[in-house]
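Copied from TrEMBL, the annotated features are:
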DOMAIN    B:68-186  domain 'RNA polymerase III subunit Rpc25'
REGION    B:145-168  region 'Disordered'
COMPBIAS  B:151-160  compositional bias 'Low complexity'
Amino acid sequence: MEVKDANSALLSNYEVFQLLTDLKEQRKESGKNKHSSGQQNLNTITYETLKYISKTPCRHQSPEIVREFLTAMKSHKLTKAEKLQLLNHRPMTAVEIQLMVEESEERLTEEQIEALLHTVTSILPAGPEAEQKKNTNDDVTMDEEDPA
Amino acid sequence: MGVLVFIHRTVGGDRLRRSQQEVVYNVGLCICLFDITKLEDAYVFPGDGASHTKVHFRYVVFHPFLDEILIGKIKGCSPEGVHVSLGFFDDILLPPESLQQPAKFDEAEQVWVWEYETEEGAHDLYMDTGEEIRFRVVDESFVDTSPTGPSSAEAASSSEELPKKEAPYTLVGSISEPGLGLLSWWTSS
């Protein structure tokens, strides 16, 4: 086997999520019950990767959302890798932005960081984990209100 | 963390599928086929009944870039450091020097602890198994695990113990910056 290009393109979590979801649908439809051990191994990695990625913010993204996000990012002058991390992680705090943007103290003012956060959180939908936490908090509030 | 890799390979039969759930040396962990870009003519060679076809394809590969931020789960702790898993990829280590300092290894509980300094004194934060953790990828290592010739087998048998089976692809991470470490350390409730 010869690797011709080890780095043909960077894929976002969303793109990988779409690919794996489509692959899963294809497997279901073809209804193949007979699996060679090789195919089973591939299914494990595909399954585990899909499971991991489904818990990240890419879960609720769409091509339109990604396009809108990239357009909004143009004014912020970030590298491809930095934009990719913001897209994949949907940071909600300044500390997270500082982790993903190299030398952020020199390149971004506090206002710019706030603006970036606002862009990220308003365009990208919340991930499944954030939603879950929100629901848990709502439940707790309800319990406190209940006198019994 | 996903990367598209352009590969071409000669395959006979369905070896294409069987061989692709693996780590490709210096490339990363194969996740799934992206597309097949070209199929060349099939040849049958003398003495070999199988038909050989050169296939050009692209694979989706897991290969985080240097300094990338990832979130995983703590698999466990050992004196070597904190072991982290992503579910589909298990070989991630956070060595002791990369942890939030000061850190100590609790021998009894077999867990790494961040001795977080507050005005009231040190507040121990445990890095428990199952906890979600955000880390930065600081290094990677690919080990060529393909079979080698007799000379390496001799070297192995001369050593006192069996050589440790090495993972073909391992990542080294760090959590020594603000925002890194257990997610629970940094979320405001």
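Quick reminder: no glycine exception, Cβ is built from N, Cα and C everywhere.
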Segment-level pLDDT (mean, integer) for the domain 'RNA polymerase III subunit Rpc25' (B:68-186): 88
The domain 'RNA polymerase III subunit Rpc25' (B:68-186): DSSP-derived helix, strand, coil residue counts: 16 helix, 55 strand, 48 coil
